[in-house]
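Here the structure comes first, spelled out in structure tokens, and everything after it is commentary.
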Amino acid sequence: MRFQGFWLCLGLLFISVNAEFMDDSVEMEDFDENSEETDELSSEIKYKTPQPVGEVYFTETFDSGRLAGWVLSKAKKDDIDAEISIYDGRWEIEELKENRIPGDRGLVLKSRAKHHAISAVLAKPFIFADKPLVVQYEVNFQDGIDCGGAYIKLLADTDGLNLENFYDKTSYTIMFGPDKCGEDYKLHFIFRHKHPKTGVFEEKHAKPPDVDLKRFFTDRKTHLYTLVMNPDDTFEVLIDQIVVNKGSLLEDVVPPINPPKEIEDPTDEKPDDWDERAKIPDASAVKPEDWDESEPPQIVDSSAVKPDGWLDNEPEFIPDPNAEKPFDWNEDMDGEWEAPHISNPACRIGCGEWSPPMIDNPKYKGIWRPPMIDNPNYQGIWSPRKIPNPDYFEDNHPFLLTSFRALGLELWSMTSDIYFDNFIICSEKEVADRWAADGWGMKILIENANEVHSILAYDNNRVYALLLVKIACVKLPQKKYEDVAFEKLDICKPQTKGALEQEVKEEKAALEKPVDLEEEKKQSDGEIVEKEEEGEPEEKSEEEIEIIEGQEEGNKSNKSGSEDEMKEADESTGSGDGPIKSVRKRRVRKE
């Protein structure tokens, strides 16, 4: 993940440079009008199609704009109406709708409520032996997702494999990727394991990730999905290069790889006289003579009195006197118009016929039943006897799955414009990481830079822009990979215009205060000075950044600048003659 921090830093630097030369007289009237500036930012990025380094079985970037090597399915689904059985969903190669990079294209699912199927052959089949399997690709739900999937299938290397006949029942070895319907967000990892005795394939589902997957479906950003299967029968599932699921192929899949050694005897039957009743009624119990079963559970409260002000002859609801018949009401078509009813304002206490409330009957006992006692003949819950499982086997190396030689997408979705990009299948995680850095890493650079650019659209102050860069590039804490798994950088959080203006005002106020050079030197060496003065608010900033700017006598080249800039210069340099050095003190809150 080191390259992500580098790209973020680089993007922030680029934004800050633009902010340095931004015309202060220009106001951003509408936040939504920044698309042109975003496009200009994207155009500054020199995109280069990723090139794999090392051994790969399959790669695809779609940057050529052609579906070379991809085959559209001509098959039909079984057991459904002919009108919806065909795979007639449309695919296109397009750039992203948002945060686009010129030249970077992807495969886009374009049709709603249609079946889509497309596939491509690998450069060579992947054979499960002594090398890991790494599968990786990008997905962006550009319009969100209502119900649909974005998973891939790795099609089994069988003699009958015909990509033109690719459909939902085509034999596959692995299914991997996101899927959603309703509020059920999934990240599938399913593999088909062959029973060594019966030859029947059975789907094995990895345990679900122990993370909230919703944001990956709803934030409309490009996310990187990675599956790693190792020859030691372990697996890892990653999103954006963060592990979200891992485990053992032997222990963390359902149903388990190996069946039980014993099974219930299907021919065994429960005896007719088997007694499973743990409790039985006491046959010796007798109903008490004073037990009255005729008493009702509730009776009328005889002590209740009708409240004063109760209106017996007033209705609870009356027609709304302020309602008016709609101008387009047609009595021939709509019938006679009646005003809607509202609560009667006169019924503040109550209206209608008054009746006393019901209360619990203290004499009620209900139907008498004898008490329950332990059953002396209780034999327990019956279960069939166990016999040896005739289909038992023990597979201690489930990694050795059926080889596959094609990659396919067989999908149905109620939402269009699902974006796929940068597929890679290889045996080395480092190869996939390099591939991600050249492809997905560029997208993250643009997304992060545009987020910061959106913040700066509220206030184009140069000092704030440079301060963001210094925080991002100099003062971010160095943490291990595991520590930053699901943290969010605070500098990327959207801020309100008022918050930004307040920070700028505080910064300018700090610039006007005289600063002791010797004290500043100590603080620049890392010493933290805490001050608490009566009548002044407590300063919570922990770190101060010093910027010393020199101006030589006679330098008047900036006279043509704006009046605000000249005022800042006067305040910072003072009014004396000769060479002067000004000290600007900037405080950054350490989150």
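Yeah, the Cβs are placed from backbone N, Cα and C, and that goes for glycine too.
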Taking TrEMBL as the reference, Cys147 is linked by a disulphide to which residue in Cys9, Cys181?
Cys181
Using a Cβ cut-off of under 8 Å, list the residues of the same chain at least 6 residues beyond the compositional bias 'Acidic residues' (265-275) that approach it.
375, 377-379, 382, 384-387
Per DSSP, what is the residue count of the compositional bias 'Acidic residues' (265-275) in each of helix, strand and coil?
0 helix, 0 strand, 11 coil
The region 'Disordered' (255-308) - residue tally per DSSP class, helix then strand then coil
0 helix, 9 strand, 45 coil
